Amino acid sequence: MDKTVSQRLGQGTLHQKLKRIMEKSTILSNWTKESEEKMKFDFSCELYRMSTYSAFPRGVPVSERSLARAGFYYTGVNDKVKCFCCGLMLDNWKQGDSPVEKHRQFYPSCSFVQTLLSASLQSPSKNMSPVKSRFAHSSPLERGGIHSNLCSSPLNSRAVEDFSSRMDPCSYAMSTEEARFLTYSMWPLSFLSPAELARAGFYYIGPGDRVACFACGGKLSNWEPKDDAMSEHRRHFPHCPFLENTSETQRFSISNLSMQTHSARLRTFLYWPPSVPVQPEQLASAGFYYVDRNDDVKCFCCDGGLRCWEPGDDPWIEHAKWFPRCEFLIRMKGQEFVDEIQARYPHLLEQLLSTSDTPGEENADPTETVVHFGPGESSEDVVMMSTPVVKAALEMGFSRSLVRQTVQRQILATGENYRTVNDIVSVLLNAEDERREEEKERQTEEMASGDLSLIRKNRMALFQQLTHVLPILDNLLEASVITKQEHDIIRQKTQIPLQARELIDTVLVKGNAAANIFKNSLKEIDSTLYENLFVEKNMKYIPTEDVSGLSLEEQLRRLQEERTCKVCMDREVSIVFIPCGHLVVCQECAPSLRKCPICRGTIKGTVRTFLS
């Protein structure tokens, strides 16, 4: 039975007690001698997970033992724990919480928690000790040999070994694609790339062409030409948790399909300048290929370009530093790595994107939005737009705002302006193509929902003129378009203009259904405003009041009430979208968005802000 909170092991004695348990047990002692190094880093071992709780806060009303048994190890941050198998992180534990139940609730497809629940249903005793539970499952070899079978398909004599129900469901060390890719140094086949196998969840174990899945433990060998690693994985192990998670996410988009393999990227470095202090192998592994110009490279996935390499530069770090949304980067290194690098450079692009609440900007094309620099830097705009290369681009007829935006991005990314007319023209042509595609998408959306488009275009005017907020809010709740929590958050705002701002932005985020209810409600409760917005389409915006005369306390209170994420309606906003400049969502909600929920402009980058 679990110890209560008051019986928690002290920080200084936890490791000693675990050590004494291991020494007294002959089975455990022999096991640790044989696999001491594995246990040192193996989070799939419950004893090792237990040992991570030496610094766990004492006031948490959930025992370390129950957390470790549920698959969690301590991250070292407050009371946050992480599952060694599915990566789920939980914190803010409350009295009465069941770690296993919360694990099942938030990540039901986790193979470890499924195995745990299945075992608890089948076992007559629910209080098996964690040590006995861990070592009651001997290795497949100890139980009478490997369970294997040959596929019955006449087209494939693949050897299949299914350990999914007999072994630890995850290999922590192989949970990242990069770690799996590095195991293929002795891979014997040329027709099936290690990158494809690693992407499909397999790491190399040998002998021959034998590979294993890090999640379900399934093993495959006897690969043949034209085999697809992901398809074979799904065919032989359809219930693998890795495949279930993969099927729920979209396959990431690739900017340059011809450069998606490591070998293809490496071949581009044939004429790489020998004086550059970064090696082609490093760059190719990080997703970059050479563009045959100076030391310029591009990512095959996100199309991000880097140059001016210096001694000590790490391509992976630079990739995460400048292009944190790259899907190849996230898949290979993991979101934690990207977050860590971003945390090292919190003010890297802080001068970007100061958006203004003016009606002109609200109705402007998001792609035409100019990146604004801070006060006193306007002279730099003049300088960067006066080079012969930039002037030549302007003389060709490109939009001045588009050229200015393109040049600013180039300087922020590389530290220098464009060197040749060919370089800038190539980028401008691509930007114009993107703008045309986005315009088509916007027109399609506007045709599908003219009401939503009108609300979006008149957002600032509605902030000022909408006074009957609560009846509309109640109608949205009654129609289940918003939740009770979202309803209460807006209702609790201290002033009507703040309620109106939150309501309008929530309608824009929720989409057509919310816009329709907003329109019908407005027609009933404020016919004048309804006529101006939806019939005459003639909303007037009046410049906002100057709050500088208010007390600092009042200014702070107003700002605090405007800083709620418009998606989750819970956390504080912290992400600025590029290029539109809207600051409306938190760090947790931003990755799931492809378009800004306010202006519907395509999100081409993000900048994290730190509001004080």
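For all residues, glycine too, the Cβ spot is worked out from N, Cα and C.
For the Zn(2+) site, Swiss-Prot lists CYS299, CYS302, CYS326; matching the candidates HIS262, HIS319 against that entry yields HIS319. Residue with Swiss-Prot feature omega-N-methylarginine, selected from ARG8, ARG143, ARG558: ARG143. Here the candidates are SER153, SER193, and Swiss-Prot annotates SER153 as phosphoserine. In terms of DSSP helix, strand and coil, the domain 'CARD' (447-537) has 73 helix, 0 strand, 18 coil. Cβ neighbours of CYS299 (Zn(2+) binding site) (same chain, under 8 Å, six or more residues apart in sequence): SER255, ALA286, GLY287, PHE288, GLY305, HIS319, PHE323, CYS326, PHE328, LEU329. Non-local neighbourhood of CYS302 (Zn(2+) binding site): SER255, PHE323, ARG325, CYS326, GLU327, PHE328, LEU329, each in the same chain, at least six residues away, with C-beta under 8 Å from its C-beta. In sequence order, GLY287, CYS301, ASP303, GLY304, PHE323, PHE328, LEU329 are the residues of the same chain, not among CYS299, CYS302, HIS319, CYS326, whose CB sits within 8 A of the CB centroid for the Zn(2+) site. When other Cβ atoms within 10 Å of the Cβ of HIS319 (Zn(2+) binding site) are tallied across all protein chains shown, the result is 27. DSSP assigns CYS299 (Zn(2+) binding site) to a strand.
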